[in-house]
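K.L.:
Straight from TrEMBL, here's the annotation block:
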type: TRANSMEM; residues: A:21-43; note: transmembrane segment
type: TRANSMEM; residues: A:63-81; note: transmembrane segment
type: TRANSMEM; residues: A:93-115; note: transmembrane segment
type: TRANSMEM; residues: A:121-144; note: transmembrane segment
type: TRANSMEM; residues: A:151-174; note: transmembrane segment
type: TRANSMEM; residues: A:186-205; note: transmembrane segment
type: TRANSMEM; residues: A:239-261; note: transmembrane segment
type: TRANSMEM; residues: A:273-297; note: transmembrane segment
type: TRANSMEM; residues: A:309-333; note: transmembrane segment
Amino acid sequence: MRNPLADVPVPLLDDLIDDEYVRSLVVGVVGTLGLLGLFGLLFPGSVAGDLAGIVFSTSTAASTARLAAPIVLAGLGGIFAEKSGVINIGLEGLLIISAFASVYIASVVGIGNAVLGIPAIWIGFMAGIAASTLLAGVFGVVCIEFKADQIIAGLAVWLIALGLAPFMSTVFFGGVNTPNLGANVGWRYSAVMVVVATVASWWALNRTAFGKHLEASGENPKALDTVGVSVSRVRYAGVLLSGVLSGVGGSALALSIGQFVGSGETMVQGKGFIAIVAYLFGNYNPLGTLGAGVLFAGLDATQIRLQQLGYAVPDTLVQTIPYVVVIVVLALVGRTRLPAAAGDHYETEE
Amino acid sequence: MNPAVHLDGITKRFPGVVANDDVDLEIERGSVHALLGENGAGKTTLMNVLYGLYRPTEGTVVVDGEPRSFASPRDAIDAGIGMIHQHFMLVDPMTVWENVVLGNEPRTWGGLRVDEAAAREAVVELSERYGFDVDPDARIADVSVGVQQRVEILKALYRGADVLIMDEPTAVLTPQEVEELYDVFEELTDQGKTIIFISHKLGEALSAADEITVLRDGVKVGTVASADVTREELAEMMVGREVLMEPATTPREPGERVLEVTDLHVDDDRGVEAVSGITFELRGGEVFGIAGVDGNGQSQLAEAITGMREPASGSVDYLGEPMAGVSRRGHIDRGMAFVPEDRHERGLVMSYDLVQNGILGSQHDPPFASGGRIDWEASTEHAESVIEAYDVRPPNPDADAEDFSGGNQQKFIVGREFERDPDLVVATHPTRGVDIGSTEFLHDRLLELRAEGKAVLLISSKLDEVQGLSDRLAVIHEGEFSGVVDPATVTEEEIGLLMAGESLADETVSGAAIHDALDDGLGGSGADGADDVEAGSDRETAADGEVDA
């Protein structure tokens, strides 16, 4: 097979390397990992050695991919919505609803069965995307058509999903946790989806006319309107894309285990909010979002493995790292700038 | 040959208002046509009809001999009409070329990629053809307002516009940029484009336009060739009566000392000293004017006097009382009125209606407050009286401030502040953005306050205004008074010297310095560069209606 990137002209690579933000992130991550690896090689018995063993093990990679998928994909979705001018803080809700819907539909079809030749688990996957997109669509109508406050509507999306998913699980399965399907989607699929979605998003935002319209819609919607492009349509597209991408993330999360866990904060456990952190950290750049998502997921995966090795790492503390990071980034670095018209409603004149 | 645009009997009615009444307009191809009128005369409405934003209630738009019915600006664009709004419709973080092609991007790869090379080439080609000096890769946020305006023009040209409508194109430009804009007009008309621009400035219409159409109260007063008409005739057409060229001041005996400012030092927001040791006093029945190029400490001085900014050192005594530590509300309660320079930031709450805006600052006091509640009936009456007395249009106290034009917002603020029954009025740029008829009225009101024995501190960059109204005139330069002069005897050149920071005794100043200072600061639009008597500066009187620096 031909390398699909062979067609990509040099400017693309130039752009990537030129992006200072991406560069510093890459240098930071690679540098840290390199140091860790060196330490691990030199002192195999030390904590660093253990750490290096964990970080470079396949099982940690698998766990990172599994945990990163919902963060990165929802984060990419959040970029599309927010760039268009609609702040979608309901990403968490979209992940929850798609996680549940994917497992539920897969179990309705029945593992081992297929529809139109598609195995049940992938039918479930698509159902998860559909559910998330539908909920995002409702959010879009409420925000764009009825001009509701985006933050409140976003919170409502989260709270609705947080209540609805465990409730439906109880109705259909007799408990907030669904039984395990006994089949799952391998972590390599998650990894591929994350990478493909990241590159595709980068392209869409930076190279297509749609990307320019999104940016204009979030920065100065009137400028877009006066050149004859419908601001509402661009914003609906942004919000629906956030639904689609979050749906992929939520389905991947649940189906990688084959079960929906609905107790407490559900199995999504704030990944939708970390997704917001990830894209802010990545300064609305999909590549930066990927880096941040992998970093946060990697920390979480490492922490879990350390626990298993008997280190008493306080997991709640590790889980606060993304939030601490975002506050530091927003307060000190200050390079993240919200689109000028994000959160504002737009109305065409007469 | 058909005229480029023919508006045939256009009437546009809004509920309760006739904005345009049977207006006929023919515009020659390749000409510059000025649409002149006061605030609310219906100029912008008429152009919005031509641009497809509004549908006319009656009448037809004929473009190039063909009757058209525009459902949206898109249709107007397709018919070759482009509009450049007063507030630019540009996306700040995007580049020049991205803005120019926005919505009409050339594409490759089956639509999956914007053809950057083609887009940039098209922009460069247009830019060169019309002699614009624009870097296609510069970000909008990084370029000057003049360049942004050219980007807007490029946007219209890129979409194939033959007729360009420009709404108050000089309002945001420096005098030098205005001159450049006139060059652009010339270049465009040489190549067959037609320009219609909306203005309320006489000088601008006379120097830039071939023909001038005057609108008043939605009705066309007439169309004249700019070569055959004088300022006075135009002013009379706009206002509907003869306009006094000079406000009439009479000498008066100053009364009690109202304000005493001693060695005042004030820092700006960045902590840099903006006012460096200013001392003066102001008595009742006196207008003390401060002239100067914008940004020489006028704002900080006004804020320190009105209690909005803590002075770094020095004192402000008001009615014999030191004002250090007195709150902003304390200043208002003691009868100090303030017309701020930024009406959107400090003068009005844009999302409040005029009833609410009318009591801002007085909301604690009777008759507006009673028993901890606001008396809306009294407030509405108050708003209505200000609207009537100051001719705010449309006369609707329930409309939000943001729905009024800038000039009408300004009239309302000035009215609110003047009607406070103050002992001292601090007025910064009180007539900025106000049309000539209203400017004349506001000047008269200011002189009435003076006649009532009030003290007035007038800060303005319009030289004719400060010179014509003040009893004493100070010129401020880099936070210090470079001189205090008698406005009746001082010459324009002398003021120019002071504004440039020279002292009057100094003989070594070059002519260029004077000219620069005049160009930069005297409130002029530079529209009258060709006019020998007024070379370089804006010595138009109130009658001229040059209203914005």
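Placement of Cβ uses the backbone N, Cα and C atoms for every residue, glycine included.
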K.L.:
Going along the chain, which residues at least six beyond the ends of the transmembrane segment (A:186-205) come within the CB cut-off of under 8 Å?
P.N.:
61-63, 65-66, 68-69, 72-73, 76, 79-80, 83, 211, 214-215, 245, 248, 252, 256, 285-287, 289-290, 293
K.L.:
Hey, does the transmembrane segment (A:239-261) touch the transmembrane segment (A:93-115), meaning at least 3 C-beta pairs closer than 8 angstroms, sequence gap 6 or more?
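P.N.:
Contact between the transmembrane segment (A:93-115) and the transmembrane segment (A:239-261): present.
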K.L.:
Who are the chain neighbours of the transmembrane segment (A:63-81) in space, where the CB to CB distance is under 8 Å and they lie at least 6 residues beyond its ends?
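P.N.:
Distant contacts of the transmembrane segment (A:63-81): 87-88, 91-92, 94-95, 187-188, 190-191, 193-194, 197-198, 201, 204-205, 214, 237-239, 241-246, 248-250, 252-253, 256-257, 268, 271-272, 274-276, 278-279, 282, 284, 286, 289-290, 292-294, 296-298, 300-301, 304-305.
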K.L.:
Check for me, if you would, whether the transmembrane segment (A:121-144) reaches the transmembrane segment (A:239-261) - at least 3 Cβ pairs under 8 Å, residues 6 or more apart in sequence.
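P.N.:
They are in contact.
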